[in-house]
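Undergrad: Residues or ranges marked as domain 'Glycine transporter' by TrEMBL: C:10-83, C:96-169. Per TrEMBL, transmembrane segment is recorded for C:6-27, C:34-56, C:68-87, C:94-114, C:120-141, C:153-171.
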Amino acid sequence: MTSQFEIIYALDLLGTVAFAASGALAGVRRGMDLLGVVVLGIVTATGGGVVRDLLLNDTPPFCFKNELYLYLALAASIVVFLTPRSFERMNRAMLLLDALGLGTFLVIGTSKALNYHLGFMGAVIMGVMTATCGGLIRDTLSNEIPLILQREIYASACAVGGALFYLFYRLGLPSEVNLTVSAATVIAIRCTAILKGWQLPRGKVL
Amino acid sequence: MTSQFEIIYALDLLGTVAFAASGALAGVRRGMDLLGVVVLGIVTATGGGVVRDLLLNDTPPFCFKNELYLYLALAASIVVFLTPRSFERMNRAMLLLDALGLGTFLVIGTSKALNYHLGFMGAVIMGVMTATCGGLIRDTLSNEIPLILQREIYASACAVGGALFYLFYRLGLPSEVNLTVSAATVIAIRCTAILKGWQLPRGKVL
Amino acid sequence: MTSQFEIIYALDLLGTVAFAASGALAGVRRGMDLLGVVVLGIVTATGGGVVRDLLLNDTPPFCFKNELYLYLALAASIVVFLTPRSFERMNRAMLLLDALGLGTFLVIGTSKALNYHLGFMGAVIMGVMTATCGGLIRDTLSNEIPLILQREIYASACAVGGALFYLFYRLGLPSEVNLTVSAATVIAIRCTAILKGWQLPRGKVL
C-alpha cells in the first residue's frame, strides 16, 4: 500500500522537475534574466497545485508546507538557465516527463477534491487545474495565448482521466488502483496524441 | 419575499449562461479547440464569483457548492461551439442578457460583501469584481487588454450600482427592494450607454 | 519601539501611493478610461499584499480590513489621471518612491510569512510576491510581459532582502532592527542598480 503512495510521491517530484524545466525554458526563450527564469520555473511547477489549494482552502498551499517542491523547481530552473541547449535536444524525453507529470498532477488534484467532498464537475475541474494551471500562468506571463486552450490533446486528456477517477471512486475501487489506472490513462492518451498528432476539433472560424 | 430571491436566482442562472456564451464566443473567434472554448466559457461565467469567494474566504467557491452553475456554463459553451454563427446574429439579445447578468452579479457580490462586514470600498469592489472579473480573465487568457479597462460604461455602471446598494443598505432599505433597485440601475445605465454610445473620459495621451 | 512600527506603517502608505501612481500611469499610457486607470492603480498598489494574504489565508486581505490603503490608491490614481504629465516629469522622484515601497512591502511580507511559520523559501517568496505581484498584475492586464521578469535588479533586490531578513530573524535580531536593515538593503540595491544600470545575466538565446 504505502509503496503505491511512495510511487505517486516520486512521480509528483519528477513531474515538478519536468514542469519547472518547461517553464524555465520558456523564460530563456523570451530572453528573461536569471530571476525571471527561476520565477517562471517555480510558477509553472507549483501554480496548478497552489490554485487548487486556494480553492479548497487548504493553506498555506502544499509547496509551502513541504518546501522540497520549491527547492526542486529552483534547482531545475537554474540548471536549465545554465544549459538550455541540452534540454532543447532532449525534446522527446521532456515531452514524456511532462506527460508523466500531467497524469500524476491530475490524479492528485482529483483525489484531493473528492476528499473535500466536491461533486463530479468540481473534482474533474480541480484535477485539470492542478495539472494545467501552472502552464497556463506560464503562458500568460510570457504574453501568449495559453497553449492548453488552443491545440493538442492536453487538458482534454486530463478531463478524461478525472472523469475516470471519479467513476472508479464512486464504484469503490481501492484508491491506489484508481490512482494508477487513471494516471496511466492520462499518460497513455497524451503520449498517443503526440505520436499520432491527434487534435480536438476547432470551432468554425466566424 | 422568497419569490424576490427566486427571481434573483433565476437572473443569476440566466447571467451565467450569457457570460458563458460570451466567453465561448471569444474562444471560437480565437480558433480554440472544443476544450479551450469550454474552459473560456466556464471561466467567464464563474470567474468573478470565484475570486470574490476566495477574497471573502467562503470556500469552496459558490459554483463548487452548487454545480448547476458549472453545468449551465458547460452546456452554453458547447452550444456556442456548435452554432457560433447564430449567436453572432443575436448580438442585440446577447448584449441585453449580458447587461442582466452584470446587474445581477453586482448586487449578489455587494450584498455578500456586506454580510461579511466589509466597508464601503470593499463592498463596491467585491460587487464590481463579481460582475467583471470573469470577463477580465477571459480577455487576459485571449491575450488582449481587458475590454472593461478601456472602453464603454461597463464596470463603471457596476461601481454606481454598488455605491447605491451600500447607501440603501445603510439607510435600512429592505434587502429585496435594494437588490431590485440597484440591479435595475446597473442594467439601465449599461443599456442606455450602449444605445447612446456613452464613454468615460480617457487620460490625455502622454 | 512603537515609533519604529509607525515608520514602517508610514512607509507602507507612501509605497501604496507610489505603486498606485505607477499603475495609473501605465493605464493612462494605454489610453484607458478613468475607471480603467483607477482599477490599474488600485490593483498595482494592493495586488501583492492581497495575493500574500490569500496564500496565508488571512482574509479578508489587509486592504479590506483597513480601507485607508484603497482610498489612498484611489486618490493617487485620480490625481495621475488628471495630471499625468507632471508625474512623467518627476520620473526620478517616482523611482525613489517606488524603491521605498519595494523595500517596505518586502519586509512586511517576509515578516508576516514568518509569523505564519513558513520556511526559508516560503518567507522569501511571500516577501517578493508582496513587493512585486502588484506590478506583475499591472503588466499582465496591460498585455505586456511583466517587467520584473525581464530586466533590471528589481525582484532580485527583494529576494536578497528577504533572505537577509530570514537570516537575521533566525539569529534573533530584534524585529524593529531587522525591518529597518533589510528594507534599507533592498532600497540601496535597487537605487544603486538604477544609477549604475546593473542587470542580471540573461539566458543564452536558443
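Heads up, the Cβ atoms here are built off N, Cα and C, so glycines get one too.
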Undergrad: With DSSP helix as H/G/I and strand as E/B, how many residues of the domain 'Glycine transporter' (C:96-169) fall in helix, strand and coil?
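TA: So the counts come to 61 helix, 0 strand, 13 coil.
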Undergrad: What are the DSSP helix, strand and coil residue counts for the domain 'Glycine transporter' (C:10-83)?
TA: 62 helix, 1 strand, 11 coil
Undergrad: Within the domain 'Glycine transporter' (C:96-169), what mean pLDDT does the predicted structure show?
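TA: Overall, the domain 'Glycine transporter' (C:96-169) comes to a mean pLDDT of 91.
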